[in-house]
Amino acid sequence: MAKKEVKKIVLAYSGGLDTSIILKWLKNEYGCEVITFSADLGQGDELTPIRDKAFATGADKVYIDDLREEFVRDFVFPMFRANAIYEGHYLLGTSIARPLIAKRQMEIAKIEGADAVSHGATGKGNDQVRFELGYYHFNPAITVIAPWRDWKLNSRQALINYAKKNDIPIPVTKKRPWSSDRNLLHISFEGAILEDTWAEAPENMYVLTKSPEKAPNKPQYVEIEFRNGNAVAVDGEAMSPAQLLAHLNFIGGEHGIGRVDLLENRSVGMKSRGVYETPGGTILREAHMAVEQITMDREVMHLRDSLIPRYAEMVYNGYWFSPEREMLQTMIDESQKTVNGVARVKLYKGHCRTVGRKSETDSLFNLDFATFEKDQVYNQKDAEGFIKLNSLRLRIRSLMQAAKKK
C-alpha cells in the first residue's frame, strides 16, 4: 500500500528509543492518524510516563492495556508445560511476549478500522519476524510498516541525533547505554558492552536479581503446587498466574536466581549476545520438572522431551500461532493431566535445586517396586531375560564383526 493510501496506523509502542522516534517518523512520512498501543506485561514503572510521552510525540490516540494475567495464563504457562528452553539456556521471555502483543495490536486495528500496523523491531533481529507472523495470522491482508527496513536512520547514534533534533526524550544514558526489554517472565539486555563477547556484563546492568555473591548466606526453601502442569500455589498460598510469577521473581531475585549470558543463534541467521534475568521462570521450570518426575510415565516423558527443542524453536522463531505448535501443545497438554503435586526447591546464591517432590493423587513412585531390599513384587532373576533380549542386536553385531576378521 502506498504511503498516501494509508489512513490509520496502530503502532506497538514501548516508549523506548526506537518506537519514540518511529511515532514521530510515521506522522511525518505518512501524514495520517497514528494510534499507539502499549501492553502492560509487567514492566513496572516503565509504563508510567508512556501515555504523556506518546501524546507529546504526536499520537492521536493511546491504548495501554493490562495483559499480565493473559500473558502468564495463556502464553507463559502453556510454554512452561512444555519445559521449553532455547539452545539449552534461554527461557524465551521476549519471544513469548511478541505473539500476545501482536494479537492485541490486531484487535485494536480492527476496532479502530486501521489499515496498517507498525513495530520498532530492527531488520536484523528476531522480533520483526515474530510480530509480523502474528499480524498475518489475524489479517493476511494487513499492511505492515517496518521503519527499520525503510528509513536511513540505521544506527543507534543516528536515532539519538534524530531524537535530539525533534525534542524527543529518550531513556538511554551513558551509565546504561544498553537496550532492555522487560516483562513478568524476564528482562533482557543487548548492545553496548555486550557486543564484546569476552567482556563480563557489569553488575549495575542487572535489575531483577541480586549478585549471587551478595545474596543471603542462608538458603530458602520454597514449595510450589501444580495442577495439570500449571503452578497454582506457593508455600500453600493460592495465587493467580501473574501474581504467582511475580512472587517467584521477587524470591528468586533475592537469591540471585536466573542469570543467563548467552550467545544465541537468531532466526535470521546471525549470532547475537543477550544477557537475561529470569528468576521466577527458572524456579518454575525446575519445580515443574520435579513434579513430572514423580507423576509422568517414562515413555510419555521421553517422547515429550524429544520435542522440547522443536517446540522452543517454534516459539523463538515466531510460530506461536502455527498449526504445528498448536498440534504439539495439544499433545503436551494431554501429558500434563497427571502432573499434579508439590515440588520443594532450595534457593541459595544463584542456584535453584529440587530437594523434594510429592503427589497425593498421581504418583507413579512405589516404594515396594523401587526398593532394593525386598523381592515381593519384583523378581530380580527376571532381569536376566530382559537384559539378554535387549542385548541381542549388540551380540549379533559383535559376532558378525568377529566373523569378518577371520
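Using the three backbone atoms N, Cα and C, a Cβ is placed for every residue, glycine included.
The record from Swiss-Prot ties Ala12, Tyr13, Ser14, Gly15, Gly16, Leu17, Asp18, Thr19, Ser20, Gly120 to ATP, and of the options Ala39, Ala141 it ties Ala39 to that site too.
Summary of the site annotation: Swiss-Prot records L-citrulline binding at Tyr90, Ser95, Asn126, Arg130, Ser179, Glu264, Tyr276. Screening the candidates Ser188, Ser240 against this entry identifies Ser188 as the one listed for that site. In this structure, the binding-site residues under consideration are Tyr90, Tyr276, and the one with the smallest number of other Cβ atoms within 10 Å of its Cβ is Tyr90.
Candidate binding-site residues: Ala12, Gly16, Gly120, Asp127. Nearest to Ser95 (L-citrulline binding site) by Cα distance: Asp127.
For the pair Asn126 (L-citrulline binding site) and Ser20 (ATP binding site), the C-alpha distance works out to 20 angstrom. Between the alpha carbons (Cα) of Glu264 (L-citrulline binding site) and Asp127 (L-aspartate binding site) lies a span of roughly 14 Å. Gly16 (ATP binding site) has Ser179 as its nearest neighbour among the binding-site residues Tyr90, Arg130, Ser179, Ser188, going by CA to CA distance.
Of the listed binding-site residues, namely Ser14, Ser95, the sparsest Cβ surroundings within 10 Å are found at Ser14. Once Cβ contacts within 10 Å are tallied over all protein chains shown, the binding-site residues Ser179, Ser188 are led by Ser188.
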